Each structure stands twice: as C-alpha cells, then as structure tokens.
C-alpha cells in the first residue's frame, strides 16, 4: 500500500463514518432495544463467545511499514520508518509527547495515509485485516444502554455475542445500565467489549488506560492480557507508561524524533511478576533510554490541529 492509497483499503474499522454510524443506530433503535432486554435476576443464559481462532496465530506479519514518513505541512512527524508487526504479537510503543507514536497508530488504523513509503496490512489467508481501535475516552453513547453500546452497528442476531463478551469483561450484570452509571474503568471495559464483539484480528490501543487510577489500571492490564491470550489477536499499544509497556508487551518500540530508536524484546514469563528483579531491570533500562533521548522539541503531533483539519464527514468513529 503506497502513500496515495485510500484509507478505505484498510478494511473495516470499528464501524463506519460517525454520521453513518449514528444514522444506523437511529434506524435500528427499536430492534436493538428489544434485543437488549436482559433479565436482571441473572437467570438468562450466556452463550460463550466463540474464539476467533484456536491454537497459535498464523505466521508472518500483520502490518508492514516500508520507508514510511508522515508530514503535516512542513513538519515531519514520522521519518522513514521500517517496521514489521508479527501476527498475534503484543507490541507496546513508548516515547515522549509529540514523538509520533499516536500518528503511527493512526496510520496503521487507516485514519491517516503516509506522505511517502508503503504500509501494508494483511489478514489471515491474505484477506482484509479487521481492525478495531480503543482510545482513552471510551466514547460510549450516553443515550444507549451498556448492551446497546456493545451491539452498536450490529443486528439483533448479535445479542448473544454481545452478552457473551460483556460476561468476559465482567459486566454482564450491568447490561441494562446507562454509561453514566459506570465508573471510568467500567466504561473502558465496555469499550473493550465493543471492540472484541467484532472478533478483530488487530486491536489498536491508544493510551486507553491513561485516565484510570493505579489499581484499576492493573486490573485492566490483567483483563487485556487474558483476552489477548485467549483470542490471539495482534495488539498494538501506545502508552507513556513504561511499566505498562513491560507488563503487557512482547516487544517494546521507542519512537524518538519520528524514528524507531529502540526495539526491545520482553523475555519475561506471563503473567508478569512486577515485583521481580528482571521486571524492574527491564523497566529501568527502557525508561533510561527514553530519558536519554531528551525532550526532542515541540509537540509535532499537535500540527494536526492546524495543518491537517479533516472534514467532519470523513472522521471515523473508533470502537
């Protein structure tokens, strides 16, 4: 895929354009409301969510970047990036604010196109790589219940799948509640369920836990790791938290001044023992490398605010 390829070629991403998504939701409100009736006494049965594929992930790279650069006006945010993301791996991306890590995630998602170079995504069997993205803001529709939010964009037949994935994230009993009734961590669990109900091959995580307290973050780490191990999707996490990167990643990438400055494997057993000397040593090694890079200048990614205004109708609503 070259720099001129349409973002649509990346395949489905957590629903269609925002306007189309909201229009679809209004059309199907009655059907979804009927489907969202859940027995509060817990008597309703739950059909386990089918695993997308059993066993080990298929070999090869799910995402490949070859000489990819991204510029906003005169600012170069990513500079000649060469990178392959192995299918079924969990890759964490760290770096200072403005280094280009979120821009990299948006390129992989198809929300931006490269200024130069080639970016290829490949699903199993050579098909489309089904991709979902999760942000720090859960982006739940406040006028829909938890179950309706998970079912957004899906038909009545998805009710059992939605209930099953809510059960997996520990929120089946909150299916009839409104988003305003949930804590921040619970809202992020709903956002995660809404991504997983589509059984994605690639899950992109753009600092999804940044606004949560420390204990809730640790709980979410365990949940994300468990679901990743069960479903074997490819995961790409952007985070400022080096400890989070070591806790979740098989591999840690440091983006510095638009380039991959460090590519560190994480040779630690799962689940990660955070109190172990090996964990602390690896965390310190990566953190010291991040600090050694210096502040690196102004926040280049903020250039999107000035130089790259995207029409509302083109904005994709992720997750």
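A Cβ is built for glycine as well, from the same backbone N, Cα and C atoms used for every other residue.
Keep in mind that what you see is a predicted model, and the values were worked out from it rather than measured.
Annotation comment: Swiss-Prot describes 63-282 as domain 'ABC transporter', evidence class sequence analysis.
Look at Swiss-Prot and you will find 95, 96, 97, 98, 99, 100, 101, 102 tagged as ATP binding site, backed by sequence analysis.
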Cβ-based isolation winner (fewest other Cβ atoms within 10 Å) among the binding-site residues 97, 102: 97
Site of maximum Cβ density within 10 Å, from binding-site residues 96, 101: 101
Assigned element (helix, strand, coil) containing residue 100 (ATP binding site), judged by DSSP: coil
Residue 95 (ATP binding site) in three-state DSSP notation: coil
